[in-house]
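Quick look at what Swiss-Prot lists:
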type    : residues   : note
DOMAIN  : 172-391    : domain 'ATP-grasp'
BINDING : 204-266    : ATP binding site
BINDING : D345, E358 : Mg(2+) 1 binding site
BINDING : E358, N360 : Mg(2+) 2 binding site
Amino acid sequence: MAKKRVVVLYGGRADEHSISCISTAGVLGAMDTERFEPIPVGITKDGKWIINGEDPRGWNLDGGELPTVKITPESRPVMLDPSRGQDGFFIGEPSHINSADSGFGTSFVSMSDPEMHHVLTSLGHVDAVLPVLHGPYGEDGTVQGLLEMMGVPYVGCGVFASAACMDKHYTKVVLDAAGIPTAPGVTVDARNFTAADVLAEIEDAGLTYPLFVKPSRAGSSFGVTKVEKADDRETQQDRLAAAIATAGEHDWKVLVEQGIDGREIECAVLCPKAGDEPEASWPGEIVLDHQNDDQFYDFDSKYMDASASHVEVPANLPVSVLEDVRDVARRAFKAVDGVGLSRVDTFVTPDGTVMVNEINTMPGFTPISMYPKAWDATGVSYTELITRLIEGVLR
C-alpha cells in the first residue's frame, strides 16, 4: 500500500514559534514512516513557507537555545494554488524566496499562468496536512481556514473551535453559555485603559487577589503576570498597569483573572474523526519541583529548566475527581465544537469543583509534553496517537 503523504507545518509567526519547532521534532521522530511520508514545511517568523531547510528532527532544548526556522542555501519556497486542492502545493527556486521583483512576494500562485510551469515544481499529491503550529497564525483558525478553502484534509480543530479557543475571552463566553465553570475575571483593552478604571471594574466584579493578568490570544505563558494585593490603591494601580502593559506586548485584549485556590489538572482529549464521541485521557498534573520568584508555571519552567517540574499521570487525586475532570474536558471539547485533539486545562478546588482554565487546540507535542504523556499513561503510545489523528482525516 502506498504511503500517505503528510505535510507537517511548523514554526510560524507567533511567539510560540520555537515551541512548534520542538513539537515537530518529536512528531517527526514518532511518526510511523511505514504508513506515512512526512513532508516538513517550515514557516519563518516573517511568514515565508519553505522546504529543504534545516532538518527539524534534530532540534531539542538541551543546549538551552530555542530553535527557529531559518532560510538556508538549500531552502526552497513553497507556493500554494488554492484552486488545485490537494495537488496545489508547489516548490519554487531558492532565488524566489527573497526576490522582491520575482512575483513571489506571496505564497499564492495560479498555475493557470503558463509561465509558472517553467519555474515551479509540483510537490505532488498531499493526502493530509498536520499543522503543528502553536499560537496566532496557526492555532487560531487562520491556517485552518486556508486549508478548508483549498479542500485539503487537516488534523485538528476547525476554524471556529480554533479561533474561539485561541481567544481566552471567547472561550469563556462559549463555556459559560454551556454551563461549564471558568475562573472569574474581566477583559481589558490594553490600547485604551486607565488603571483606576480597571481597579474599579475588578472591585465591582468582586475579584480577590492574587490576580493573573494575561494576553487573551497567546500561549506558553507569554506575557503572564501574577499581581498580589497592595497596601494602597496607588501601588495597586501601578502593579495592574505594569501587568497589563506586559500582556499588551502580546495582545491588545488582556484578561485579568482571579487566582484560583486549586490544583492545575490537565486532560488530553482525542477525537480523530468529526462526529465521533471524544475520548479523554487520565488527567495529569505538572508538579513543580522548584519555582522561580514569580511562583507560577512560567515559560522558563515549561521549556528551559528541565529540573523545574515533572509530569504525573494520573494526577494524585481520588478516582471520582479524575472522572469528573474527564467529563468536564469532554463537555468543554464538545461545547466549542472540537475535533481532532485538544488539551483541556482545569483547576480542581479543595471541595472538588472542576473549572476550565483554557483549551489548547494544538497542545505541546514533544515526547515529554503532557498531551502525549497523558495518552501514553492511558494506553495510547506516541506513535499510535499520531497515526490515529492522521488516519481520522484521510479520505
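Cβ atoms are placed via backbone N, Cα and C, with glycine included.
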| said: When you rank D345, E358, N360 by Cα distance to D204 (ATP binding site), which of the binding-site residues ends up on top as the closest? | reply: E358
| query | Looking at the binding-site residues D345, E358, N360, which has the shortest Cα distance to I244 (ATP binding site)? | reply | E358
| task | Would you mind listing, in sequence order, the residues at least six apart from E228 (ATP binding site) in the same chain with a Cβ closer than 8 Å to its Cβ? | result | Y209, P210, R239
| request: Find, for the listed binding-site residues D204, D345, E358, the residue with the lowest Cβ contact count at a 10 Å cut-off, counting only other Cβ atoms. | output: D204
